[in-house]
Amino acid sequence: MRFARLFLALLGLALAMLAPPAARAADLDAAFARIATENFNEIEAAIGDLAATGNDKAATALQAMTDGALVYAPATKGVFIKKADGSFLDARTGVAPAEAPFATKPVRVNNRIRRALEAALGSLTLLAPDPAKRLAAAEAVFKSRDVAALPALDVALAKESDAKVKRVMTQARAAAILAKPDATDAEKVAAIDVVAERGDQDALSLFANLRANGAPIVKMAAETAAGAIERRLAVLSSVQNVWYGLSLGSVLLLAAIGLAITFGVMGIINMAHGEMVMLGAYTTFVVQELLRTRFPGLFDWSLAIALPLAFLVSGAVGVLLERSVIRFLYGRPLETLLATWGVSLILQQAVRSAFGANNREVGAPSFMAGSFDFMGLQITYGRLWIVVFCAAVFAALLFVLKATSFGLKMRAVTQNRRMAACMGIRTPWVDSLTFGLGSGIAGIAGVALSQIDNVSPNLGQSYIVDSFMVVVFGGVGNLWGTLVAALSLGIANKFLEPFAGAVLGKILLLVFIILFIQKRPRGLFALKGRAVEA
Amino acid sequence: MSLRLKSFVAAAAVAAGVSLLSAAAQAQQTIKVGILHSLSGTMAISETTLKDVMLMLIEEQNKKGGVLGKKLEPVVVDPASNWPLFAEKAKELLLKDKVAATFGCWTSVSRKSVLPVFEENNGILFYPVQYEGEESSKNIFYTGAAPNQQAIPAVDYLMENEKVQRWVLAGTDYVYPRTTNKILEAYLKAKGVKAEDIMINYTPFGHSDWQTIVSDIKKFGSAGKKTAVVSTINGDANVPFYKELGNQGIKATDIPVVAFSVGEEELAGIDTKPLVGHLAAWNYFQSVDNPDNKAFIEKWKTFTKNPKRVTNDPMEAHVIGFNMWVKAVEKAGTTDPSAVIDALIGVSVPNLSGGYSTMMPNHHITKPVLIGEVKGDGQFNIVSQTPGLVVGDEWSDYLEGSKDLISDWRAPLSCGNFNVKTGKCGGKSVN
């Protein structure tokens, strides 16, 4: 009798252990126990175990691990999720532990673990309610080519309603099949067709192995698909070069456009032009620091707030420079060059003393971060905005010059100073305001450049030579010339770079400009008429 | 001469005499230490910190009573990132100030520029930055990493742990990246990597438009084999490079970048969240967890009065170099350069990564090699550390022409480029 009872109890226990929920709990516990270690191999294996349970607790824990919030207590091997407010949740049960764990350490992560995490989360979140999350999961599975994710993918595909997510899931499934050792040739050929739809580098890299050592029929399909993608990418790469060139050109234009006024229109060789750009960038830094500490909510507006301030700061320094130094040196270009160069060194060292020699961090507002895909072309938002911004600055400057009374006076003074003075224009006043305008625009350029370059005291130096190059090439005194010169130099540079390399490309461009100036000393669009002789 | 004028002249003479005397007395009591780091110009961004750390070390040593019973007196000069000026300032330190030792230089070209000055005037220079090797001088002590203490362990790590098969060697166009990449290329080929799996790319100083190169790297990396970038990109060009990587969506899990010139100081100017997982190889990280390092970081923050200041590898090299020099001077009982140069070989001092660094006969030191991954807060997560210390190898074993050379500055041999095959010393110093 007693034996029978014992036997029954044992049977019941065995049944309970066989029952799926209990078995899963045991797996989950084992996997969590395994993750509480310093050893990367163990951690990686534990992630695989967690993913295999398919449990939503595992998904939560893995997500926390991606965010660096999964911790463990080495003494008890307990695994916890650390919340932002410092409290803990037991990763196994999802409830707060009775007493806070002692001396926890974050679970160690390196690139290999991060890759394993992405793949695991991908297969675990394929059924998430949020379509964006499902899309990310499908992309992750596509990248990991995880054969183990195939069953989960099939389930998810059957339920999926969103067309875009469904397409990526189909591609992910095809990628996994291509990686599956025992897939039939027919399956593989079908998968190749699906993946080929992507038409991008990722697809190409999937075919690389098949082209080398697949079965003949698979090999042929991969070759054809890869050939089509390669042709498409070749066309795309010239479009991409034009875009990169435009974006480099607009950076050059932004840096040079202020100089087109001070050097081009007024004829002042202003070596401190780069430092005006630098001052603009530092203004952005100061504005961001203030916003960060006082009004964090306004951070996305920081560039818009910095723009007028940068214009005012650089413009004011420009007016001061003109009134205190340059006006005594009109008509003596060599001395102007030396004096402004000295000023540029003073400004650099002043900024270095005030802000330190290190680079300062200028953040990107959220609308400028990241990139998007345009017909297979990766376009980064930051660059796009700079192109747009550059066009706006150029248009605004043209408007000031052509359609305002200040612009009229400015043109009058540069064309015939004495006649303009006879008409009652206060030429010294116009001079300093014009110089201020040129410097202010350099400051605005600094706001934009702070987004793509270092904000350091040397920022300006790297642009001064390029700026002079653009203005001289485009033709002194002509804004449209500056525009054409900047864009053509930018695009030429980007087409040269893949063949000649960045160093030789730059040299070739310089040689070209030197030869060009020999032939046409006044640049692309030379001014004609009496103003030139004056 | 009126009485008043006379007494004035006499007073002036006395005053001048007194000040001369006191200067002479002071000169006897202090030992001058030269600090040759750029405080202005492009390199100020990196070198100013090293000047500060030297001032801190000297102040600390003086609190302990100085060296040989004398106080140390720092002599700071500013070579302004201008290479010929480095030689001039070095001459000034050695001839006018008669410094006992000099700590300085960052770029290789500045070191090459001062090398003849130190050899001619028998000075001592401690050079704290990782460099390309292929040099050995009687008067220079290299406390930074040689290529085998940084570049090669980093490549090994990527091969073993990330299973990398395709390599992009990207660098700024000057001597350090060119030589390091030459060594790495030879090393990779010796490991069986094919020529078509190596892409080498050079960019000018301060390169800021990385769009084309980053997209080329992306293309190169999608050939179906795991790809990594080994970056010897220098200084300011790094920030736009990493920004472009982030913008084009290249994550460390896809194509990791291991850098030899990016440390805590350089990361302080970037938002590091998109860079998490990219790697750096150094002999020291601020995140090294041991009591010595914690104490050092604390001292540094108090000295600079800035709780946010970071520490980095070249700073640790100066700490090691300075402690070695102090120990050697005490061992020699004099600051005479010839005696100190001899005494320095074999001196061992604790480094901050845990363990002892020793000055070897080739004027390079033993160091551990650490690999770190960038964290979101601008610090490094140490993912690998060599089990023992690595001896700096000045003449690379992977380059034709230098693999047969050794350097040993001890008495009977006393040669910087001894050819073990021909059994001849190639000359005083071959660069």
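Backbone N, Cα and C define each Cβ position, glycine as well.
Where the annotation comes from TrEMBL, it is an automatic prediction and has not been curated.
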Matching range for TrEMBL feature annotation, transmembrane segment, among A:149-168, A:429-448: A:429-448
Feature contact check the transmembrane segment (A:301-321) with the transmembrane segment (A:384-408), CB under 8 Å, 3 or more pairs: no
Stretch with greatest number of CB pairs under 8 Å, the transmembrane segment (A:301-321) reference, A:242-269, A:429-448, A:468-492 candidates: A:429-448
Within-chain partners of the transmembrane segment (A:468-492) [C-beta distance under 8 Å, separation at least 6 from its ends]: 241-242, 245-253, 255-257, 259-260, 263-265, 267, 394, 397-398, 401, 414, 509-510, 512-513, 516-517, 522-527, 531
